[in-house]
């Protein structure tokens, strides 16, 4: 064996052993039997490239892809186990239906294996029952930021062009909706202006509610490298409500009270405007920005009826705050521009127009910042009782100075600490506020950067538009021009698409509870574990009139409360694509056949589409008392369709689709179960052997989808190109990706919009504004702010539920490094399970001593809504201050979302999982 072969074999063996896969001695000398191919990691929004080895129909090893620009050959601990997530002992391999002894569906029955045909028969029956009784609003789809792009696009098309419902919403509503609103309100277009290259180019990394060391560990390795490259110059600051691993290399750690990030941002802005006006980039502001604001009295996204029959008495005092709050000294000071004082009742009069905004003058903007002095902000925000007020003030000053320093490049990163927030959209806007004031946005090494949580929350949920109000490429159902564009691309009649936005994710749950939705289909997520105030939704799922379908790979909580479970193919058992946090789109090929009778979510969507004729769905449909969708059947006939054509025929197996060659050269040497079937000879939804669709369905879906963005600043490359590269950052124009958007040096569309300028914020959403002051708009005449961004003033407001005498602790939830989301996959990897076998209740030693607790004691964590048992950890990786506990949500045996509050940001409808009040006592 020569030196090169020795190194190669050693590397392969090392990668396999890291991933927990044994390497027989025979393999050590014959790795050429392994077939390697590039793919994408299944987990977070970082978008790491990986290499996958397959042998004898199984994935046998994974390793980091050295050619991948995101991770450069590294993986985190989860990434190394991409192979093992696929082969858990309880992998779902056949459809399961609740049935009685006679073989009939029975809501109270036990799960029994059934054929795909029997599963789809019952699914069709129950769907049509709800659809015919309640109309297009009577059904719902829980989608995902973990859909492949093709899966999400197929689901969106079936729902909005087929069923004419907008009740499809992804679990990305839980993670990125506030970021989306922040982008759309500020820039007029979604997704970051910067890219990961900013890490190597910046002088300062400031994390806000983003424990990157655990949640984006590969990006954190790049941050660490940058810090080590120049210890004196490069500064790292970690702002959090509790101490975590991201603080380990931080120059400054700032522990603040929950929700007071709003006040800290306004303090920084005040420092700039009042005390360092020379730091303001006045030319940038004048040429490229306007000042704006909106209403403050917008509620907290809870039900506005505290007397709803499903509420327990203990819940009502919190829910009452949806309509009115009593202002304390601190909140009254922040809202003083509205003429209020401490003790006033503050009514939420603008819940229905939370997203309305208008232009204000710089003088009004400055007036809004007036209360946020260092003294006020430090008093309001200091989160650690062990820290002196003076020390906290010094940290705030140091933080402001880092932003203000004239030639210092600054990147602000955030994730769920910002987004899962009752004012999440506001705090996103505030980050841009400070960066715009300083002219430190959309420049290499400087910018406010929202990090994505899920692997395709950007690529699928946001870009495809699988939200209840959206269409692809930032279009929305409420806009008639956007509907027209979509209907033309989809080749469906005008007025097919429902113009009324549907129910967001949490509201689908509420609608199930209220009987407004009676059929729900869950795809690629676990809503009954991931949604706050879960006791309500468990009861709703088990209501006799409701029918729940869950497509999944393992039996998680959602599957356990379902009526029908469909076994889904996992990531490398199908073709797909993801889009990451830096706008990088990456594709992969099917590597192995699915386990058992599992099939892809795309296949499930298309097979279900076969069950519906146009005359059943494109007829006249009542939406509500104000809106009835017209029949479009005559128009369909004029387009060459028959009313007896199925949605599959029209939407997915049309003439264009069938033009995509199933034997395309790009697919040579790889399986494609959806296109050709496979050796398992699966009995399909019609009871016959499924032999494939006979056309390259994934390529068709991709090429049709990309039509939405071409020429509109969302340009994507063709299907084949992505299989030759390690991803591209859109917009991709003339074969070239874009690193920094809105900057005319780098962005084709910015240059096109403003050829004689340095920047152009060319997004066109909400770019017609009226004028007003801090209180309200003052005229109805709109003016254009084309190519400009908004600098928002948003006040500090407190969370609706805060610690009290009865419930004295804040509760925050989140993730840990070793597990992904609800743990459905990672808890089945033995090595990851052994590393972190249960979710712990992290708390301070002082609180533990006060409660008479020892390390490892079992405690009850109880709120007004529910309680769970968890084991106390006072010495672990997370170190909360006195008065706060942190419990991750990956463990279904520590079902923490029974405890959390279903309050949301009223603009984004994203749940605040970081703030509710609990009591802790020994179990």
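Glycine too: its Cβ is placed from the backbone N, Cα and C atoms.
If you look up Swiss-Prot, you'll see 1-30 marked as signal peptide. Feature annotation from Swiss-Prot assigns domain '4Fe-4S Mo/W bis-MGD-type' to 34-90. Residues annotated as [4Fe-4S] cluster binding site in Swiss-Prot: 41, 44, 48, 76. Marked as Mo-bis(molybdopterin guanine dinucleotide) binding site by Swiss-Prot on the basis of sequence analysis: 78, 146, 171, 175, 208-215, 416, 420, 526, 551-552, 574, 601, 813-822, 897, 914. Under the heading substrate binding site, Swiss-Prot lists 889, citing sequence analysis as support.
On the structure: features taken from Swiss-Prot.
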residue : record                                                  : DSSP class
41      : [4Fe-4S] cluster binding site                           : coil
48      : [4Fe-4S] cluster binding site                           : coil
78      : Mo-bis(molybdopterin guanine dinucleotide) binding site : coil
208     : Mo-bis(molybdopterin guanine dinucleotide) binding site : strand
416     : Mo-bis(molybdopterin guanine dinucleotide) binding site : helix
814     : Mo-bis(molybdopterin guanine dinucleotide) binding site : strand
822     : Mo-bis(molybdopterin guanine dinucleotide) binding site : coil
889     : substrate binding site                                  : coil
Statement: CA-CA within 10 A of the residue listed as 'substrate binding site', subset of binding-site residues 48, 814, 818, 822 in residue order, equals 814, 822
- line: Same-chain shell around [4Fe-4S] cluster excluding 41, 44, 48, 76, C-beta within 8 angstroms of the CB centroid, reads 43, 46, 47, 71, 75, 78, 79, 217, 218
- request: Select the closest residue to residue 822 (Mo-bis(molybdopterin guanine dinucleotide) binding site) from the following binding-site residues, measuring between CA atoms: 41, 44, 76.
  value: 44
- prompt: What's the CA to CA span in angstrom from residue 552 (Mo-bis(molybdopterin guanine dinucleotide) binding site) over to residue 41 ([4Fe-4S] cluster binding site)?
  reply: 18
Field: Distance, residue 41 ([4Fe-4S] cluster binding site) to residue 814 (Mo-bis(molybdopterin guanine dinucleotide) binding site) (CA atoms, angstrom)
entry: 20
- line: For residue 212 (Mo-bis(molybdopterin guanine dinucleotide) binding site) and residue 76 ([4Fe-4S] cluster binding site), the CA-to-CA distance in whole Å is 12
Task: Count the other Cβ atoms sitting within 10 Å of the Cβ of residue 212 (Mo-bis(molybdopterin guanine dinucleotide) binding site), across every protein chain shown.
output: 26
Statement: Neighbouring CB atoms within 10 angstroms of the CB of residue 78 (Mo-bis(molybdopterin guanine dinucleotide) binding site), all protein chains considered, total 22
Query: Helix, strand, coil residue numbers for the domain '4Fe-4S Mo/W bis-MGD-type' (34-90) per DSSP?
result: 6 helix, 20 strand, 31 coil
- request: Please report how many Å separate the Cα atom of residue 76 ([4Fe-4S] cluster binding site) from that of residue 818 (Mo-bis(molybdopterin guanine dinucleotide) binding site), as a whole number.
  value: 9
Message: Between C-alpha atoms, which of these binding-site residues comes nearest to residue 41 ([4Fe-4S] cluster binding site): 78, 208, 416, 818?
response: 78
- line: Cβ contacts within 10 Å for residue 416 (Mo-bis(molybdopterin guanine dinucleotide) binding site), all chains included, total 27
- request: For the domain '4Fe-4S Mo/W bis-MGD-type' (34-90), would you mind checking the mean pLDDT of the predicted model?
  value: 97
Task: With an 8 Å cut-off on Cβ-Cβ distance and a minimum sequence separation of at least 6, pull the same-chain contacts of residue 818 (Mo-bis(molybdopterin guanine dinucleotide) binding site), or say none.
output: 77, 78, 826, 832, 835, 836
Query: Near residue 822 (Mo-bis(molybdopterin guanine dinucleotide) binding site), how many other Cβ atoms are within 10 Å of its Cβ?
result: 24
